[in-house]
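Listed in TrEMBL:
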type     : residues : note
COMPBIAS : 9-20     : compositional bias 'Low complexity'
DOMAIN   : 132-205  : domain 'K Homology'
REGION   : 1-25     : region 'Disordered'
């Protein structure tokens, strides 16, 4: 009596799923367990996580005026609790049971912090929607020690007449810039922040605006080719 036996070639020609199963069985005999990502409510022993953002004195009135525009995306879209602690003068954020991702809490904290630095709501809300946006801050004295009228002229060079120089740097590097006295804050992607910071530093060191514009055009064209 003849017995049919599958040759090695025929066995190899079987379905891919059976082949994968055989590999799994040969490797360990059991499938590796696959776990879903933990919800924020399941982390830290089920305790909620908090973030606190201090409110400077000069941003208290704008915060009061724009509170609903800050509250809506944080509470409804990011599923994070938010409240204003009037006694401590800070905005407090807390994860909820239905918060989908633990990174939402830090994104909301960055969003509120960007507003406190002076960015518009429309610009700061991009921090909630995109992952590769950052805020970089530095002072004029970090670049060059200036005092008196020299410092005033440096701030004037950064802004330009009617803010023309600042807007030109923002548009060419796709960033947003806030000049608050001697502090400068830049919101954008890592590469764009570097280009904008280099232009601002050149202006602080005394370069004329025309020279900075021409260098910006060259760098912007190079970035456009790369990306």
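Cβ coordinates come from backbone N, Cα and C, glycine included.
These figures come from a predicted structure and were not determined experimentally.
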The domain 'K Homology' (132-205) [mean pLDDT, rounded to integer]: 90
Counts of helix, strand and coil residues, the domain 'K Homology' (132-205), according to DSSP: 43 helix, 17 strand, 14 coil
